[in-house]
Amino acid sequence: MKKVTIRDFIKKKSTKEKITMLTAYDYPTAKIISNTGLDSILVGDSLGMVVLGYANTLNVTMRDMISHTRAVARANPPQLIVADMPFLSYEIDTKSAIKNAGLLVKAGSDAIKLEGGEEMKDTVKAIVKAGIPVMGHIGLTPQRFLRLGGFRTIGKTKQEEDQLIKDSLELEDAGVFSLVIENTYVDIAKRITEKLNIPTICIGAGPYCDGQVLVINDLLGLSEFTPYFAKSYVNLKEIISNAINQYIIDVKNNKFPEKQHYKERES
């Protein structure tokens, strides 16, 4: 599989080939993904919750994102690597936003993703002008869950729906190459997808987007809580627990290590 580029990503919208994206946070996972046909890896700030054990993504730092982006990039996957910009790494001013986006690219990402709507237009323009591809993110934006009143579906009111449409158009105009739409009503995501010339990637927003993204821990059945919009394709949590328990039994009953697991001196 050859390296997926921004141009390939955008082309998939015109050819109506669905885009596939998953999160990854470490070298072993990225190495496994590199041997699949997945289109894109998101080094998501969701690592704060599924890797670092925080209650939300607000505690994730640039240092965290750089470290995990480097780990993923070391696997040299052909997939397009997109790295999340963490909370307060791009909101303060455009100068720091460009600097932090550049640090993620230097760490190995092919593009960055940031949350927010029309209020992020100038920031997006500045980062794109600096030569860094930007993916947008609207709908439920986890870094803004306090302002949104919690983790909820966005677009219930006419005002919210109109704002989502406006946000998507403003972000496209600002230069984003793709847009994540999270936890909105399916008809809204469909309208946005039809209006935009750039590909949309859904998570919890229905089947009419140009692609889908999931947190890999949800897909693998590793999460303590799986959102309603995620699907677990295997229960790795159970498989891992069973393996650990079998190891404990084998050690306690002197069934491990076996002869092939150690060396004896020759007599």
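Cβ from N, Cα, C; glycine included.
What you are looking at is a predicted structure, and each value in this text was computed from that prediction instead of being measured.
When Glu17, Glu91, Glu115 are compared with the Mg(2+) site residues Asp45, Asp84 in Swiss-Prot, the one appearing in that site is Glu115. The recorded positions close to Asp84 (Mg(2+) binding site), defined as a CA atom within 10 A of its CA, are Ser46, Lys113 out of Ser46, Lys113, Glu182. The distance from the Cα of Asp45 (Mg(2+) binding site) to the Cα of Lys113 (3-methyl-2-oxobutanoate binding site) comes to 10 Å. Taking Cβ-Cβ distances under 8 Å and a sequence gap of 6 or more within the same chain, the neighbours of Ser46 (3-methyl-2-oxobutanoate binding site) are Thr23, Thr57, Asp84, Pro142, Val215. Maximum intra-site Cα distance, 3-methyl-2-oxobutanoate binding residues Asp45, Ser46, Asp84, Lys113: 12 Å.
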